[in-house]
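According to TrEMBL:
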| type | residues | note |
| --- | --- | --- |
| ACT_SITE | CYS257 | active site, nucleophile |
| ACT_SITE | HIS343 | active site |
| ACT_SITE | GLU345 | active site |
| BINDING | SER50, GLY229, GLY231, LEU258, GLN261, ASN299, GLY301, PHE302 | L-glutamine binding site |
| DOMAIN | 6-136 | domain 'Carbamoyl-phosphate synthase small subunit N-terminal' |
| REGION | 1-181 | region 'CPSase' |
Amino acid sequence: MSTSQKPAVLLLADGTVHIGKAFGKIGTTAGEICFNTGMTGYQEVFTDPSYYGQIIIMNNVHVGNYGTKETDVESNSVKIRGLIARNLEEQYSRKQADASLEKYLQDNNIVCIEEIDTRALVTHVREAGAMNCIISSEILDVEELKKELAKIPSMDGLELASYVSTEKPYTMGDEATAAVKVAVMDYGTKRNILQCMVDRGAFVKVFPAKTTISELKQFNPDGYFISNGPGDPAAMDYAVATVKEILKESKPTFGICLGHQLLALANDIDTFKLHHGHRGLNHPVKNLVTGKCEITTQNHGFGVDPESVKKAKNVEITHVNLNDDSIEGIRLKDKPAFSVQYHPEATPGPHDSRYLFDDFINLVKEHK
Ligand SMILES: NC(=O)CC[C@H](N)C(=O)O
């Protein structure tokens, strides 16, 4: 809680209203409401480009207790559109922190609301499903807010990856000593995904979302990575076309989250909007190849259609979600390509799924 707080209003598209207190920037913001069940890692969540366009409810009662640190980020800025919490703390106790959460959110112009009954709100979103919402600490009249909210497009059908992709190619790792070169299609990649590949001996070159296959080939990569990112994968014809071209190369290819959905679409498998998405650090997934269960970090609002996966003769299901049986991983039978719906880089954790980076880099080395 902050000392000088203005009131703020949260309005959901179904008319639900919650009154709370302003935190961060004073203003108005709108986007898709989502909840994250993680108890820690808030700065990594706020800077994850896959959350672009979304307003996040943090389930943990206290958010901000360990402040913020310049290095605890998944991209170069806060990407969430707004924040809803029970209690946002401006005091912090971590010695190594650089700033309070409040300063961080203000510096990043994020409109937030706190003192919300997040248990009731999350239960409501879980039952009613994904929808848009608006937060304001400047317009407190609900009828006015309804008019503003009506202007916001639905996440279904929205292409957002090109807004968060890099403008220019950049590299990570040491080309002189690296064992392999990986071309990354950046649809909103998380920094720690790149780090996981570099840590395993890769030199990565990150390319803007609309890079053509001929530009990618000039880099002569040993493998390709299709990144995570925001928005509806079915609205990304340009990316599906690129993934199809990449697959023709028959080089090892790995996709995470949006990258998984694009790999599916490139193999004529449909994607669909989930009822309320999977976002948190404790989603159980079964690896059907090894029979082992892993606890995973997730952040997605779309999924791969199980019926069309089963019909695709060249695709094998490798991972399933143990909560709802949704498809969590696939691999192609005729190409060295695989993908997962969840986030194996998982910062701050759990790290059960990091073996997938070993698998990918080993596959790249074998095919080199
Ligand atoms: N983390 C991601 O890559 C998310 C993918 C996609 N935008 C979804 O919500 O399903």
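Using the three backbone atoms N, Cα and C, a Cβ is placed for every residue, glycine included.
No curator has checked TrEMBL annotations; they are predicted automatically.
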| said: List every residue in the same chain as GLY301 (L-glutamine binding site), at least 6 positions away in sequence, whose Cβ is under 8 Å from its Cβ. | reply: GLU32, CYS34, GLN54, ALA130, MET155, LYS273, LEU274, HIS276, GLY277
| query | Just how spread out is the L-glutamine site if you go by the largest Cα to Cα distance in Å among SER50, GLY229, GLY231, LEU258, GLN261, ASN299, GLY301, PHE302? | reply | 13
| field | From CYS257, HIS343, GLU345, the active-site residues whose CA lies within 10 Å of that of PHE302 (L-glutamine binding site) | value | CYS257
| request: Starting from ASN299 (L-glutamine binding site), work out which of the active-site residues listed here (CYS257, HIS343, GLU345) have their Cα within 10 Å, and give them in sequence order. | output: CYS257, HIS343
| request: Could you round the CA separation between LEU258 (L-glutamine binding site) and HIS343 (active site) to a whole angstrom and send it over? | output: 10
| field | the domain 'Carbamoyl-phosphate synthase small subunit N-terminal' (6-136) - residue tally per DSSP class, helix then strand then coil | value | 26 helix, 47 strand, 58 coil
| task | Filter the candidate list CYS257, PHE302, GLU345 of recorded positions, keeping only entries whose CB is under 6 Å from an atom of ligand 1. | result | CYS257, PHE302
| message | Using other CB atoms within 10 angstroms as the count, which residue among the binding-site residues SER50, GLN261, ASN299 scores least? | response | ASN299
